[in-house]
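Under the heading region 'Disordered', TrEMBL lists 1-27. As annotated by TrEMBL, transmembrane segment applies to 39-58, 78-99, 111-133, 139-164, 185-205.
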Amino acid sequence: MSRPGTPEPALCVQGDSAAGTQDEDAADGTQHSHRMLSFSDALLSIIATVMILPVTHTKISPEQQFDKSVQKLLATRIAVYLMTFLIVTVAWAAHTRLFQVVGKIDDTLALLNLACMMTITFLPFTFSLMVTFPEVPLGIFLFCMCVIAIGAVQALIVVYAFRFPHLLNPEIQGSAHRALYRRHVLHIVLRGPVLCLAAAGFSLFFYPASYLLMAMAVFLPYLSKAASWCRCRLLGASQQGAGGSLQ
């Protein structure tokens, strides 16, 4: 009869394999991306919180009447805050999706991610300009340029990671469709910055179009998901109809 203590060697093997994986990562200069993701998430949450400060610091004196001009000012600042906050969440979602594909990081990827985070920390300043001067092109232009820079750095991360497949998720490393994964991730990362590039151009001569394009950058991911869901439903219904006619 086997003793109750027999499973112990299996635990030792698991520990050895985990230690072996860590040794291999240390040998080739890579590490898992969990700590970097935790740092990035914490930084993004701080930025998203700080962005409300220009709205809360709106000065309204007690002698001032709460007339339509004040209401318009507050409504404009809240609307700009909501839009820019949602753009930050879109950037965070793209960053999260990116590091679902990238499983490990090296020094180059860590520096690229720090450059991305440094650009994101500049967003509250550009947002304060947009809130204080909503009709001045400078704030809109700088905000859009920040989003474009974030997308460019994230695209560099994608290109670098796919150039060195050992940095990718193990499932993607062994896949024959790595180019398809790369194209899909680049599409997710760059669709918002492309719209912000157009918004930056419009800000120089027709700023309302810039706000419209930035709103499209917020809602485009949800619209594309809804369109793909409808397409799948329609294709499924047509296939079921074809199957029924064959029967």
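Cβ atoms are placed via backbone N, Cα and C, with glycine included.
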Long-range CB partners for the transmembrane segment (185-205) (under 8 A, at least six residues beyond its ends), listed in sequence order, are 87, 90-91, 94, 97-98, 101, 137, 140-141, 143-145, 147-148, 150-152, 154-155, 158, 211, 213-214, 216-217, 220-221
So, does the transmembrane segment (39-58) come close enough to the transmembrane segment (139-164) to give 3+ Cβ pairs below 8 Å, pairs being at least 6 apart in sequence? no
